[in-house]
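Here is what TrEMBL says about this protein:
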- 469-479: compositional bias 'Acidic residues' (COMPBIAS)
- 487-496: compositional bias 'Polar residues' (COMPBIAS)
- 533-543: compositional bias 'Polar residues' (COMPBIAS)
- 23-448: domain 'Major facilitator superfamily (MFS) profile' (DOMAIN)
- 451-543: region 'Disordered' (REGION)
- 21-40: transmembrane segment (TRANSMEM)
- 63-84: transmembrane segment (TRANSMEM)
- 91-110: transmembrane segment (TRANSMEM)
- 116-137: transmembrane segment (TRANSMEM)
- 181-202: transmembrane segment (TRANSMEM)
- 255-282: transmembrane segment (TRANSMEM)
- 302-325: transmembrane segment (TRANSMEM)
- 332-353: transmembrane segment (TRANSMEM)
- 359-378: transmembrane segment (TRANSMEM)
- 390-412: transmembrane segment (TRANSMEM)
- 424-448: transmembrane segment (TRANSMEM)
Amino acid sequence: MGRADPEEGQLPAPVKPPDGGWGWIVLLGCFVITGFSYAFPKAVSVYFKELMKDFHVGYSDTAWISSIMLAMLYGTGPVCSIMVNQFGCRPVMLIGGLLASSGMILASFTTNIIELYLTAGVLTGLGMALNFQPSLIMLGTYFDKRRPLANGLAAAGSPVFLSSLSPLGQVLLEKFGWRGGFLIMGGLLLNCCTCGAVMRPLDMGMKRKMEKAQDKYEAKEMLPIGGKSEEGISTIDGTKKAKKSKKKPRKGKKLLDFSIFSNRGFIIYTISKFILVLGLFVPPILLVNYAKDTGVPDTEAAFLLSIIGFIDIFARPACGMVAGLKWVRPHVAYLFSFAMLFNGLTDICSARASNYTGLVIFCVFFGISYGMVGALQFEVLMAIVGSQKFSSAIGLVLLIEAFAVLIGPPSAGRLVDALKNYEVIFYLAGSEVVLSALFLAMATYCCLNRGKEKEPPPEENPSAGGGSDTEEAESDVQEAEEHSSDNHQPAHSTDNAMVAASEEANHVAEEQSGEGGSCPEGDGEVLARDGCNTDQMVQRDSF
């Protein structure tokens, strides 16, 4: 029985992540949002020299614009989680797109650096944060089997947009000045609203429609055609309503679920990610100045970042494909540990690079490892907490990462000023990344895998079918008996309700166990339809 019109009594397929279809449009929107979120704070740096001239400020003053954007992107994670849990992903993303665009448009009319902090920094940064987190949540909703690949493709938006927005910003600066460039950039950010509009939530209402169609289908399969069929359907509907009335009142959804801190895997991931961020962003920030100090010309030094970005574009989708393999996906946490270890060792080995060739080799390996880390970081988090708690988990993780972002790169800059030696900084950053990799791998093996081995296996109950849906079907059988006896219905009506509910339980159990075959023969058997053979018989007392 495939998908069909429920009105015809055929059973539709269950709702599940489509792993395609409209999900590819959602993936495209997530690609654009990720590109804007990570690349935009770096791309606005092309305007800093003009801002320094107009506002008579130093480089450190203008650099605070990008820092405030990143701080808003990471630090407002819990706020985004609360808004998504309260209003949903699409409305939050639409509001975020308007805020991001209005921030850059208002920034084009500012007259001092403080106003730039409030508009381009706070307002635009908050808008991008309200887009970035919901887009990842929607991506996890639409993809399950292909989720690692989807995360890798979405993460590739960061290097693609970085290599596009920086040259575009330079062209806009030369033709329209920094005010005109900010105004046009604000218009480009309106595309975030378009991306938010395509984030169509999966139709959860289909579940209720399919449950109703399933009841009708099973009743028509089991009961004779005529008045008894309608009577059986009404009996099943009555038992469903009686069951719902006995359930406890449903509690409201938590705005921010702190129960994820009871998940040991989440704690391990959070600690590891905090240590990782302390050193992950230091090498690319200091790379250009490090190359200049070794005697590399300015143009060739700037080209090193382009090499990292180009390699990163291909590394992220490729790593996503590898993570999606059947024999790799159950161990994706170890693949993430390997990616971090690879990145840390690259930093350590390149610390003594003294010529341009050595720096190019470093950029190639750093681009590969950096792309692997970017493709796997959110996939591992989704695998640990699941899609239901991911909205709260990512908000709390980003908040914790915000502290690491504010500690790591500034501390590295102060050490450079004090020691006048980049080699020590690369050793330190690489050691932090290696430490995070070793901690994640060892903690995952010792605390999680061994904990699972010590847990006793659950007792199997052959009659239950091994699933919660079957237990629910069994309770429907018992409640059908109670409902029928309480209302003093005729015997044939009770028998019909019992048969229909039992067939529902058998149908669910057969789907979960994957075993077919006919039901055992015995007393109390009834025909599923007029003219059906014995292979289609059902025993009422099987439960």
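Here the Cβ of each residue, glycine as well, is placed from N, Cα and C on the backbone.
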Local confidence of the prediction over the domain 'Major facilitator superfamily (MFS) profile' (23-448), expressed as mean pLDDT: 84
Feature contact check the transmembrane segment (63-84) with the transmembrane segment (181-202), CB under 8 Å, 3 or more pairs: no
Positions whose Cβ lies under 8 angstroms from the transmembrane segment (332-353), at least six residues beyond its ends: 148, 272, 276, 279-280, 283, 294, 319, 322-323, 359, 361-362, 365-366, 368-370, 372-373, 376-377, 379-380, 383-384, 422-423, 426-427, 429-438, 440-441, 444
For the transmembrane segment (21-40), sequence-distant contacts whose Cβ falls under 8 Å of one of its Cβ atoms, 6 or more beyond its ends: 69, 73, 93, 100, 124, 128-129, 131-132, 135-136, 138-139, 142-143, 150, 153-162, 164-166, 185, 189, 191-192, 194-196, 198-200
Interface check, the transmembrane segment (116-137) with the transmembrane segment (424-448), three or more C-beta pairs under 8 A: no
